[in-house]
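As given in TrEMBL:
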ACT_SITE  Asp155  active site, proton donor/acceptor
BINDING   Asn7, Glu390  Mg(2+) binding site
BINDING   Lys14, His214, Leu215, Gly216, Asn217, Gly218, Asp289, Met290, Arg291, Gly337, Val338, Gly339, Glu340, Asn341  ATP binding site
BINDING   Arg98  substrate binding site
SITE      His186  site 'Transition state stabilizer'
SITE      Arg247  site 'Transition state stabilizer'
Amino acid sequence: MKVLVLNAGSSSQKTCLYYIPDDDRSEYVITELWSGSIDWSKQDGLADLKVESNGIVLEETANNEDRLTVIKQLFHYLCNGDTAVLETWQEIDFVGHRVVHGGREYQQPTWINEEVKSAIAQLASLAPSHNPVNLQGIELMEQLLPDTPQVAVFDTAFHSQIPPEAAIYPLPYRFYEDGIRRYGFHGISHQYCAEKVAKLLKQPLERLKLITCHLGNGASLAAIKNGHSIDTSMGFTPLEGLMMGTRCGSIDPGIVIHLLREQELTPEQVDKLLNKESGLKGISGISGDMRRITKEMEKGDDRAQLAFDTYVHHLVKGIASMFASLGRVDALVFTAGVGENSAVLRQAVCEKLEFLGIELDSKKNENSPRDEQIATIESSTRIFVIHTDEDSAIAQAVSQLAQGSSKTKPSS
Ligand SMILES: Nc1ncnc2c1ncn2[C@@H]1O[C@H](COP(=O)(O)OP(=O)(O)O)[C@@H](O)[C@H]1O
Ligand SMILES: CC(=O)OP(=O)(O)O
Ligand SMILES: [Mg+2]
């Protein structure tokens, strides 16, 4: 089967086409036929497009004004030019989507129908940078491939079993019953990385204790025990926890009351302030992109340095608290855009964690290796850089759902 995956992040759009053989062993064989990505994070009104297939890498820029137009421009290269791998769109058997918020109800990969779409829309206010664009992608594919079944794979699902004391907020109990609880996000990535580390260590995941640090534009931590998420830093929405590119992470909730009451900001203004104008961007006044921050820092910019130091400070505290949740940690994992590529960030974080027996091998760290260890032999905890592959994990989930329920195809 051919599965197209759409993964809309807050600063990127990733899309891959996979071939998966129709047999029971398919989880072991998955071939990437085509990959395309869009980086929306540039501030000059342009988006960077990149397509890789047939051994060719194609790069171009597009006007960033209309999201769907840029996505269609990327899709053009699936069937046209040197990067084409399809003659017609009809060759695609299934489409899989990363959907960020699945709420209480959606804890498994799910066939998309009108009911599922309306649930994704209803949860949009809890993931304003994600669920609306996830829905946009689903509707675009409905137009392009009206008869092709689509599957939603939820970022919240992996965290759905975290124990109640980690999930509940210290509010009156009725709020918990009403669904105001910690959901956690980036679950597809945290789970993928945990499984990858178990393979690399040649140990059963069921016996490992891991901390995964997903540091992209959004950032979150997960404490993973025996293959299950038992604690995570994001909560009811992807705004809680670590300081991020443009999101503030955890702040005193009294600040929100103050902004509403004393500065008379509207809820929409507060939403924009905390989601889009804070984090690295807010403190530095320069950018939410870690590449820019480290560049300006090296040139001696004090505010870029303060933004970096604050990011590290919160990350170190977060990792230490995940240590407390787990007791012992076999491996600490860095992943996603920042986690995979910023050696200087990993170095700064690991230096501050030396009191926990963590020891980074600076030489190994320097080159940002992919899917390798970067700890010294003496380190009490293994440290890995893992290239997160949310897209192949989504394709795998689609294939399993399709094979498991081939006699009961989705109802619309
Ligand atoms: N070489 C690099 N050094 C530091 N940070 C990087 C580098 N490459 C990418 N990044 C960071 O990764 C972020 C994007 O991460 P990614 O996981 O792709 O994002 P998203 O959250 O949109 O899925 C960018 O905003 C950028 O800050
Ligand atoms: C949930 C979330 O923050 O996702 P991303 O990092 O892709 O924006
Ligand atoms: Mg992402």
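Placement of Cβ uses the backbone N, Cα and C atoms for every residue, glycine included.
All annotation found in TrEMBL is predicted automatically rather than curated by experts.
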I'd like to confirm something. Which of the recorded positions, Lys14, Arg247, Asp289, Arg291, has a Cα closest to the Cα of Asn7 (Mg(2+) binding site)?
Lys14
Would you kindly give the Cα-Cα distance separating Asp155 (active site, proton donor/acceptor) and Glu340 (ATP binding site), rounded to the nearest Å?
20
Binding-site residues near ligand 2 among Lys14, Asn217, Arg291, Glu390 (Cβ under 6 Å):
Asn217
Can you tell me which of these binding-site residues sit near ligand 1, meaning the Cβ is under 6 Å from at least one of its atoms: Lys14, Leu215, Glu340?
none
So which binding-site residues out of Lys14, Arg98, Asp289, Arg291 end up within 10 angstroms of Asp155 (active site, proton donor/acceptor), measuring C-alpha to C-alpha?
Arg98
Which three-state DSSP class does His186 (site 'Transition state stabilizer') fall into?
coil
What recorded positions among His186, Asn217, Val338, Glu390 are found with a C-alpha within 10 angstroms of that of Arg247 (site 'Transition state stabilizer')?
Asn217
Take the C-alpha atoms of Glu390 (Mg(2+) binding site) and His186 (site 'Transition state stabilizer') and report the distance between them in angstrom, rounded.
9
Under 8 Å by Cβ from Asn217 (ATP binding site), counting only residues of that chain that are 6 or more apart:
Gly9, Ser10, Ser11, Ser12, Ser41, Met244, Gly245, Thr246, Gly288, Gly337
May I ask which residues of the same chain, at least 6 positions away in sequence, place their Cβ under 8 angstroms from the Cβ of Lys14 (ATP binding site)?
Val5, Leu6, Asn7, Ser35, Gly36, Ser37, Glu390, Asp391
